[in-house]
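Let me begin by presenting the structure, written as structure tokens, before commenting on it.
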Amino acid sequence: MLNEGLCCGAWAMKGTLLLVSSVGLLLPGVGSCPMKCLCHPSSNSVDCSGQGLSKVPRDLPPWTVTLLLQDNRIHWLPALAFQSVSLLSTLNLSNNSLSNLAAEAFYGLPHLRVLNVTQNSLLSIESSFAHALPGLRELDLSSNSLRILPTSLGKPWENLTVFAVQQNHLLHLDRELLEAMPKVRLVLLKDNPWICDCHLLGLKLWLERFTFQGGETDGAICRLPEPWQGKALLSIPHELYQPCSLPSQDLAPSLVQQPGSAPQDAQKSHENSSGQQDPLECEAKPKPKPTNLRHAVATVVITGVVCGIVCLMMLAAAIYGCTYAAITAQYQGRPLASARKSEKMGSKELMDSSSA
């Protein structure tokens, strides 16, 4: 009997533990919280900021919607780094040591809306980044070491409304990249060493249309060339830009035609401090201004009309002159004929008198 009682008690305890475990799995507020993190089930947020973490914690609660990982030492994000928190909506990775953003690290986050990666050491982002986060609305890449951004994202970033890249090392920004963000309403570009040459004309044209349609931007301030140093890109007239030409095999591709500068007869090669040619500069051959066919046709028509009018006026003047001369001659001829007739009659009378 005693053994049977002990067996029954053991089975009852196991059943209770199993029930408690099942309830713990079903309740979103119950579960493990990563060490050095603060979990707030009421707001579905996990705060792991300022804990000296070198990697993303593994045991994050599946109910996490907001994840704060700023002020750590995270330098690398593995593939599917956040697969355990598929409901994640806001991710803060600012002030870490990230040098690259791999698209694979963000796979499995269809609900991510806000991504903050400011104050890292980012050198570039992958062109497939938009594929990994199609629902992203705010992307902040400020205060990094970005020197170049992808020309194209491969597909439109349909939902992005905020794009911030201020305080980086960007020299140029391709217009095609911004055109892939049809819903963007805020673009932050300040504090980059923008080279306002022919390569930045596309960005200027895009910004003009963007601001005209109600978009907001802090503008791009030129670092080079010297005549435009410190001036806003939008304030430089279009006429000072020369179209960029494709680099020739016989000519060094490191030369640049600066806005407002006269074309050079001989190209001069420029090398950077390492002795290599700078691929960011190119010589733009001046092209003749394209002829406007409509203006040419109008000029020809107007010239023809003017010439026709002049010819008609000359013809009218000639006719008038001839008519006037004929009439004048006719009136002047009558008195002369009468005088001659009178003279003849007088001579005849004189002869008749002499004969008599």
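Keep in mind that glycine also has a Cβ here, set from the backbone N, Cα and C atoms.
Feature annotations, reproduced from Swiss-Prot:
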CARBOHYD  Asn92  N-linked glycosylation site
CARBOHYD  Asn116  N-linked glycosylation site
CARBOHYD  Asn159  N-linked glycosylation site
REGION    255-288  region 'Disordered'
REPEAT    63-84  repeat 'LRR 1'
REPEAT    87-108  repeat 'LRR 2'
REPEAT    159-180  repeat 'LRR 5'
TOPO_DOM  321-356  topological domain 'Cytoplasmic'
TRANSMEM  300-320  transmembrane segment
CB contacts for Asn159 (N-linked glycosylation site) [other CB atoms within 10 A, all chains]: 17
DSSP-assigned states of the repeat 'LRR 5' (159-180) in counts, ordered helix, strand, coil: 5 helix, 3 strand, 14 coil
Helix, strand and coil totals (DSSP H, G, I; E, B; other) for the repeat 'LRR 2' (87-108): 4 helix, 5 strand, 13 coil
Alpha-carbon distance [Asn159 (N-linked glycosylation site); Asn116 (N-linked glycosylation site)] in Å: 16
PLDDT averaged over every residue in the repeat 'LRR 5' (159-180): 94
Helix-strand-coil residue split for the repeat 'LRR 1' (63-84), DSSP-based: 0 helix, 3 strand, 19 coil
Chain residues in Cβ proximity to the repeat 'LRR 5' (159-180) (below 8 Å; excluding those fewer than six residues from its ends, i.e. six or more beyond): 118, 130, 134-153, 186-195, 199-200, 202-203, 205-206, 210, 218, 220, 280
